[in-house]
Amino acid sequence: MSSSWLLLVLSFSPGVVFDNERIRRVSFTPGAGGILALLWRPPGLVFLDRVCIDQSTRTAKCEGVLNIGAFLKNSITMVVIWDPTYVKRLWCVFELAAYLKSHEDERKGKLVVLPSLLGPCSVAFALGCCSFMAVLLIVEFASPIAGVAVLVLLGTAGFYLAAAQFREIYRDLDSMQAQMKEFEVDKAESFCCSCNHLNSKGQNILCDRELVKACIISWFGTIESFEEAVRSKVLPAMSAHLRHPFSYLSLVGVLSPLMWGTADAVAAQLRNGNEQFAAYYAINGLMWWLFGMPCLYVGWNMLVFRCRRKRAALWKDVLTNLAIMPAIAVLLCLQYGVGYVFAILTRNRVQGVCIYTAVMAVLTLVIFCRRR
């Protein structure tokens, strides 16, 4: 996306202009952004327990497990890739509880919980945005009504796929809350016990459960204190993160295809000398990318959460996902309508979209600050 805007600034964005008054565009520059996303290497250091703790000898493994507190204490961020089995595993629950305890008096500690299903959801949102922009920029419609209908359908199709995944995430959240309220160390799972303390070669392996229990007593004093910490601190922290799987920055990243097409639309208008339309498209694109769609997501997310219950039959589940789509279409049209009203009141496209952008920016700030 950054490459698209750089080429736009240099007046080199390859907007393909069709021979009609509405000027349709096609973008080839997002490929450069995709290459950058794939090859860019993050500068931060990562500690992955399964890889960084030596598993080859009993002595090395014991030292690694018993000293895990030093790594947790010095870790700025803990990233949890969560699935329904996470809170069933003793090691995972201890590691999370220990991290929260080691950072309870500090502001620098940051917990990030990412459901494993968030990946497919992100792809669904991104594909929905790509389809929406591709049709908007390329396809010709004889009737404006037909065009709006197709655009709304494509824009909400991605939400349908994501709705199915999000409903499953929220059902798993309900199960996790029930499990953690009844959490007991002796009932939690350990890999070593599940394989009868034998590795793939039939050799005896060290019991992780005894090591973890020793760590628990060292950190929390007693097993009972640890179990209470799981219910009083770990459960609320996990629930808060899973209730809102997408952060604002994550949404901005997923919705970035909206700006890929906008960059080419702006470039095409500038090449034809329409500076006012170029300014309008640029500001309107930024508004939808940074404020409009994130607010739309919040409303959609609330609706999905209320409809999370599993239906008795598959067709009822499909209908539930479909029933959410019209609500999104209504919200989408409502936002478009409000923007159109601002344009009419100001009698100037650019002034109207600037005022609307300011209003949506304040609304977005209020909504996402309240979610913290």
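Sequential numbering from 1, following the chain as shown.
The backbone N, Cα and C atoms fix where each Cβ goes, glycine too.
TrEMBL lists transmembrane segment for one of the ranges 204-224, 246-266, namely 246-266.
Of the given residue ranges 28-48, 175-195, TrEMBL assigns the label transmembrane segment to 28-48. The stretch in 111-139, 286-306, 318-338, 350-369 that contributes the largest number of Cβ pairs under 8 Å to the transmembrane segment (246-266) is 111-139. Taking every recorded stretch in 111-139, 318-338, 350-369 and counting its Cβ pairs under 8 Å to the transmembrane segment (286-306), the highest total belongs to 350-369.
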